[in-house]
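Feature annotations, courtesy of Swiss-Prot:
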BINDING   G15, P16, T17, A18, S19, G20, K21, S22  ATP binding site
BINDING   T17, A18, S19, G20, K21, S22  substrate binding site
REGION    40-43  region 'Interaction with substrate tRNA'
SITE      S106  site 'Interaction with substrate tRNA'
SITE      R128  site 'Interaction with substrate tRNA'
Amino acid sequence: MTSGERQKPVLVILGPTASGKSALAMNIAGNLDAEIISADSRQIYRELTIGSAKPSEDDLRMVRHHFINEKTIGEPFTAGDFAEAAYARILDIHNRNKYAVVVGGSTLYLEGLLKGFGDLPPGDQEIRSRLTAELALAGGEKLFERLRKLDPIQAATLDPTKTRRLIRSLEIIEITGKTVTSLQEYRRIPALDYRIVGLSIARPILYGRIDTRVDEMIASGLVEEAEYLYKKHYSLLRTERNSALKTVGYQELFDFFEKKTDFDRAVTLIKQHTRNYAKRQLTFFKNRLNVTWMDAFGEHAAPDILRAACCRELAE
């Protein structure tokens, strides 16, 4: 794309879960007459509604959203797929003389779109099998501690209980002799003019919002939604490569259905695991992306962000 074609900046609003990204994006999209690109790896699935905190039907009618309800559980859609498709849609939005606002918190979706994925090596089955056997024998904590020593930045972005990315990170180190973090430093320069704003929110306030959101999800029917998924997609739950059903909020309820925990404990774990996820998101954003952090709340939040990051004339 030539510089002459890059007429419009692309505003990117990111932040931890429950930080108010979607509401702010709706406000800004209204000011810009923009379309929203959802960078959320769960909202793209039709079946994951309450637990993924999708925009309301009213919001979807008022502002055009991309990558909401476009896939069904079981359809593969990687971060690379998202980056390629989102890039093409942003170009289309610009060609229609409109703005695009990217909003979300899925770290790999955002990094793929904003920076492009580098040339990571293909998998090595022998190495992967050995690491998987070591995981089964020694447990994930030992492997996670190894990664923390070799690549602390990558380790800080991972959930120690989710082992697929842990094994892949160690596999890449063995294949290349380099860490994932160092390999990612050589990615292509983005072809679009991204203006990245992160929503800053005090940790106690964020955690309070997370607890409130979980309670509201339960009251809105999360248990029933999870039970439907559990019954209809039971076989997929046993598939290691299907990560959509391993989402926080659903996985804990699946354990409740299987009598591995009681209901109150499941809800407590949803809140705890969501807080852990928010912490990993913040670590990722601060280590991997060039973000301008701004106050998430207040009546002037939307115009302040427009003025500072994107479209000063539209903030007046």
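Just so you know, glycine gets a Cβ as well, placed from its N, Cα and C.
When each of the binding-site residues G15, P16, G20 is scored by how many other Cβ atoms sit within 10 Å of its Cβ, G20 comes out lowest.
Mean pLDDT of the predicted structure over the region 'Interaction with substrate tRNA' (40-43): 96.
Take the mean position of the Cβ atoms of G15, P16, T17, A18, S19, G20, K21, S22, the recorded ATP site; other residues of that chain with a Cβ within 8 Å of it are G105, L199, I201, A296. Counted over every protein chain shown, other Cβ atoms within 10 Å are most numerous around S19 among the recorded positions T17, S19, S22, S106. Taking the centroid of the Cβ atoms of T17, A18, S19, G20, K21, S22 as the substrate site, the other same-chain residues with Cβ within 8 Å of it are G15, P16, A23, A53, G105, L199, R209, A296. Cα of S22 (ATP binding site) to Cα of S106 (site 'Interaction with substrate tRNA'): a span of 13 Å.
In the three-state DSSP scheme, R128 (site 'Interaction with substrate tRNA') is classed as helix.
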